[in-house]
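Taken straight from TrEMBL:
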TRANSMEM  102-125  transmembrane segment
TRANSMEM  131-156  transmembrane segment
TRANSMEM  195-214  transmembrane segment
TRANSMEM  220-244  transmembrane segment
TRANSMEM  285-302  transmembrane segment
TRANSMEM  308-325  transmembrane segment
Amino acid sequence: MMETIKNYLESMFASLPNTPEVIKAKCELGQMMEDKYTELINEGKNKNEAVGQVISEFGNLDELGDALGISHILHDQGEAINTRQVTEDEARAFVQESAICGLIRGIGVFLSIISASGVILASAASDSDDIYMVIGLVFLFCSVAACVALCTYSNLRMDKWRFLKYEPCSIDYSTAGMVNDARNRLHGTIILQRTIAVLLLCVCYVPLIVLSMIGDGAIYSLVGVVILLLLVGFGVLILISAGARDEGYVRLLRLNSRQRMEGHYSKGQDEVYYENPTLKKVMSVYWPIVTCIYLVISFLTFSWAISWIIWPIAAIVSTIINNIFGTKRED
C-alpha cells in the first residue's frame, strides 16, 4: 500500500520544477505520509483505510504549501503551459507502432541495398541469354519500388503520432515508470541485435575476398559482391528495426523535462540547427543526395566493391559541417 501512497506523492509533485527546494518539500511530505500510515496501521486501521486517510490529510499541496515552504512555487504554476497528457495505452500503442514501422522501413532499405544483385548476377552470366539481364532489371526496379512503397507506408502510418513531436505533451509518473522499465528489459536484446548487425557489417567483405582468391574469373568476385550486399542489407535491417523500438521509448521519455519532477526522462540526442537558411535546406536533403550519388556512380561504373566508400566520406563531411556551421540544442 505504500506504493500507492508513493505514486500519489509523485503525481502531486509531477508538474513542479525540479529544484532543491521542491525536492526537500517532497521528501518531507513523503516522510510525513509514511509516518502517518505507520501510525494508523498500529492503531488497528486496515491498509485501505490507512491509505485513504493519509491521502485525505496530505493530498492537497495548496493547503500544505506554507508548511512545506513552496507556496510561492505553487502560485507560479498557475501560469504553466497546458500540455497534452499521453495515457499509458497510448504509450504502449506508440511503442508497438514504432517497432512495426521500423521493421517495415528496415525491409524497404534492405530491398534497396540488394536491388542491384540481380543485375550483378546477370552480368556474371554475360555469355548466357539476355533474359537474365531482363530478370535482373525487373528485380532492380521492383525492389526500388517496394522500398519506396514500404517507406512511404511506414511514414504515413506513423503520421498520427506527429503530435508527440510538435505539441507540448507529457506522461505521468506511472506511465514514465512503465516505459522506462520496458526499455530496461529490452536493453540487453537491443544491444545484442546491434552487435550482430555491426558484426555483419564488419565481416561483409570476407566472402568477397575468399571468393576472389578461389577463382580468377570475374564471376567469383561478382558473386562475392552479391553476398556482400546481402550481409550489409541484413545488418542495416537489424539496426533500423532495433533502433526504431528504442527510439519509441526515448521519444516518450523525452516528453518529460528534467526541469520538472515528472519522474523518468531521457535526454536523447541533441539536434543540430543551422543559422544559414541555404545550408539548412541543403542539409535537410543531404543524405538523399548522397544516396542518389551512390546509386548513379554504382550503376554507371558497376564498381559496387569500391563505391561504398562514398558513405564513410559523406559521414565525415556531415560531421565537419555540423561542427563548423551547426549549433546543438536539446530537442
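Using N, Cα and C of the backbone, Cβ positions are placed for all residues, glycine too.
The structure displayed is predicted, hence computed values, not measured ones.
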Can you find at least 3 Cβ pairs under 8 Å between the transmembrane segment (220-244) and the transmembrane segment (131-156), where each pair is 6 or more residues apart in sequence? no
Same-chain residues near the transmembrane segment (102-125), Cβ under 8 Å, at least 6 residues beyond its ends: 132-133, 135-140, 143-144, 146-151, 153-154, 157, 218-219, 222-223, 225-226, 229-230, 232-234, 236-245, 247, 298-299, 302, 304
